[in-house]
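According to Swiss-Prot:
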REGION    52-62  region 'Interaction with phosphoinositides'
REGION    104-118  region 'Extracellular/lumenal pore loop'
MOTIF     456-459  motif 'Selectivity filter'
TOPO_DOM  1-62  topological domain 'Cytoplasmic'
TOPO_DOM  305-341  topological domain 'Cytoplasmic'
TOPO_DOM  393-414  topological domain 'Cytoplasmic'
TOPO_DOM  498-553  topological domain 'Cytoplasmic'
TRANSMEM  63-83  transmembrane segment
TRANSMEM  284-304  transmembrane segment
TRANSMEM  342-362  transmembrane segment
TRANSMEM  372-392  transmembrane segment
TRANSMEM  415-435  transmembrane segment
TRANSMEM  476-497  transmembrane segment
Amino acid sequence: MANPEIVISSCSSHEEENRCNFNQHTSPSEELLLEDQMRRKLKFFFMNPCEKFWARGRKPWKLAIQILKIAMVTIQLVLFGLSNQMVVAFKEENTVAFKHLFLKGYIDRMDDTYAVYTQSDVYDQIIFAVNQYLQLYNVSVGNHAYENKGTDQSAMAICQHFYKRGNIYPGNDTFDIDPEIETDCFFVEPDEPFHIGTPAENKLNLTLDFHRLLTVELQFKLKAINLQTVRHQELPDCYDFTLTITFDNKAHSGRIKISLDNDISIRECKDWHVSGSIQKNTHNMMIFDAFVILTCLVSLILCIRSVISGLQLQQEFVNFFLLHYKKDVSVSDQMEFVNGWYIMIIISDILTIIGSILKMEIQAKSLTSYDVCSILLGTSTMLVWLGVIRYLGFFAKYNLLILTLQAALPNVIRFCCCAAMIYLGYCFCGWIVLGPYHNKFRSLNMVSECLFSLINGDDMFATFAKMQQKSYLVWLFSRIYLYSFISLFIYMILSLFIALITDTYETIKHYQQDGFPETELRTFISECKDLPNSGKFRLEDDPPVSLFCCCKK
């Protein structure tokens, strides 16, 4: 942009009175001085930390805090991740143990196929589960126990859900049914003796009308303590397992599916004593977490202050430009004052502070929100590491990735919106048509995962081969469906997506060689030829520059 002419106009309205008074009482030399001051202020604002140090001796505190925070947050996440891994492993191993303990003849990886097909097998499974529950202390190798309710132990609830009335005669193609569902429950106490006999003489006195039966549920509660955390210098947690064994006969197809669901809750143990230095280690970890919170608070304050300073300078520049050149600053130029990296760091700091507080509460056994804490700490750590890219971006050779992503993002979003319409169309079509015949298309979520893996070229043959050939028309449709999807997304849409990124990359490389297009803001700043170490950016109360804090580029 060439040097803009200073426009002096008459006062035509009350709202321009201040501007007119300024233009009428300000000499050209004073206006040039104000322009130079504004240029220096803007140039200083857009300098990198090293240049700001040479310009005013300002220490790069935010950079130092970010480097310190990366190390501390990463260490914190690793330590919590190891602890959370033990919790998840304990949950999964107990669930597998319960399936082997209470499901007769259960074998690993039978969750989708575990079922019974005769009435006697149903009774046998129920009796086996009840007997295993009553003999828990004699058969379980874990530290499992019944839930205590005062002086009594919790009972197992056996409930059957069935239609209120049902007379079904498939041979005559007739039926009479009342779809209202009724529930009948009774309880088995752990201290009661139990006799295993034939279905006709078993102690349960359970009779099932399989024509009306929908489900049979066996629900009971067990407790356990995760002692493996002691070896890692952590206090153990107490676990409550709410187990539900379901016999599903809703389809009335002759196949009753059996499943075991385990609802797990973690809580603080009531009375405990551990010898050794576990409590001391817990206190040290809480001190470390408190130091992480303090560091993030400092980072949060510094970044918020920088964002506010940017917004204030933005408003000052907009008013200055409107006052001197009677022009509005473009939105793109105004957005350059809003530093997205600082906003990302602010979000990261907030997540880290909340996650660290939760972690301290978990260590103090006041909370057991492991999953929420892991999500907060994991997301914050990811954002912290991404925030470092800002400082790498000050070097031209490392800035190519950032510039390419920034330039390509608008086009990528528009392209993905169009591609998503096609993708969702294929998802719904595959779910409805192929779902009954293909395991990978049974739910909308599974369809999306299957199609996305096909785009990456994964598991193509298995997807074709697992299609059932019970219906030739559907089998033929599946071939047309899969071939068209693969051809469209891999050879066309994915290629166009890569070409979009590649074209942006080449454009950025060309700009780096020949110069980037100048905006009004950058052109205005470029007229300031003062170097950072010229001394013209320094304020009266600035301390002298020390050569030991930063190296001149």
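Just so you know, glycine gets a Cβ as well, placed from its N, Cα and C.
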- Query: Most CB pairs under 8 Å with the transmembrane segment (415-435): which of 63-83, 284-304, 342-362, 372-392, 476-497?
  - Reply: 476-497
- Note the mean pLDDT of the topological domain 'Cytoplasmic' (1-62), expressed as a whole number. 61
- Query: What does DSSP give as the helix, strand and coil breakdown of the region 'Extracellular/lumenal pore loop' (104-118)?
  - Reply: 0 helix, 2 strand, 13 coil
- Item | Remote residues contacting the motif 'Selectivity filter' (456-459) - C-beta distance under 8 A, at least 6 residues beyond either end | 450, 490
- Query: How does the topological domain 'Cytoplasmic' (393-414) divide up by DSSP, counting helix, then strand, then coil residues?
  - Reply: 18 helix, 0 strand, 4 coil
- Under 8 Å, at least three CB pairs between the transmembrane segment (372-392) and the transmembrane segment (284-304) (pairs 6 or more apart)? no
